[in-house]
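Reviewing the structure listed below.
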Amino acid sequence: MARSIIDPITRIEGHLRAEMEVTDGVVTDAWVSGGCFRGMELVVRDRTPEDAAYIVQRICGVCPVSHAHASSIAAEKAYGISIPNNARIIRNLIEGSQFLHSHILWFYNLAGLDYVNPLNALSADAAAAYDLAGELGTPSTDFVGLQDRLKKFAENGQLSIFSGNWFDTGEYNLTPEADLILTAHYLEALQMQGKASEIAGLLGGKMPHIMTIVPGGTAFVPTEEKLDDLKGLVDELYNWVANTMIPDTLAVAKFYPEAATFGKGVGRYGAWGVFERPSMEMNDRYLPAGVLDENFNISDVDESKITEYVGRSWYEG
């Protein structure tokens, strides 16, 4: 029996450690843990609540918006403040841009390489890839040019996402043509994340770490020019998600039906919800908070039952 440790697992941004016992090439036991301590609770202690929205965003440069929003809501509840309706809408729009960014990032650039083999795309028939793209209902691109780029990546010897030895495991199910299409969209997804972040920067002052979500409302002042830019970005993202991301998701699911059985865990799921309605109640959000139990019963979230404990934590140093 051998013991293997991967720390950090970099494709999920370096927050996870995986430790495995391996016998004859088979993982017989495994443990995962998140060992990144930031201590933001200590940083904001004894500071004015208005500072928290700016400080706690440093928890994550990829998804800072929710931290600003949550800390502002906490301050508003403590002060008994109700925010203006326009501020609610602006916050929802900023959250929406982060929502789009995170979903595109996760599907293509974090999880995508578990299902897509870019090196297999080198053996694809470009003409057949054009035909398959038509069948899937996704836009075509210069597949021949992309194959040339991939070939250079594969041959230059530099460490990259395309040089991972996991591509030779034999566990990938996509055809070479499907791999070529999805790899093209993997690269497009990087640009689309940038479009989503542009929206956050437009409404939030900058991105990452926005400046306009503050206790009491928002510091964003809309203008006709800014709203026109916003609509253009939203339309572009909507068209890309509808015509590229959704068909890609359905295509990958068809090749990996067994993936629907993965990840059950303990069979319970809790969500805080997102996108406030005028009531400002979390169980009334457009995507409401809720708890799903192992019998598929749905109930409201009861904040009084949420606790933080260290019973399964460990520390060194």
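A Cβ is built for glycine as well, from the same backbone N, Cα and C atoms used for every other residue.
A quick note: this is a predicted structure, and the numbers were derived from the prediction, not measured.
Record features, source TrEMBL:
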- Glu41: Mg(2+) binding site (BINDING)
- Cys60, Cys63: Ni(2+) binding site (BINDING)
- Cys63: Fe cation binding site (BINDING)
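Note: the CA-CA distance between the residue listed as 'Mg(2+) binding site' and Cys60 (Ni(2+) binding site) rounds to 14 Å. The number of other Cβ atoms within 10 Å of the Cβ belonging to Cys63 (Ni(2+) binding site), over all protein chains shown, comes to 16. The C-beta environment of Cys60 (Ni(2+) binding site), restricted to residues of the same chain at least 6 apart in sequence and closer than 8 Å, consists of His67.
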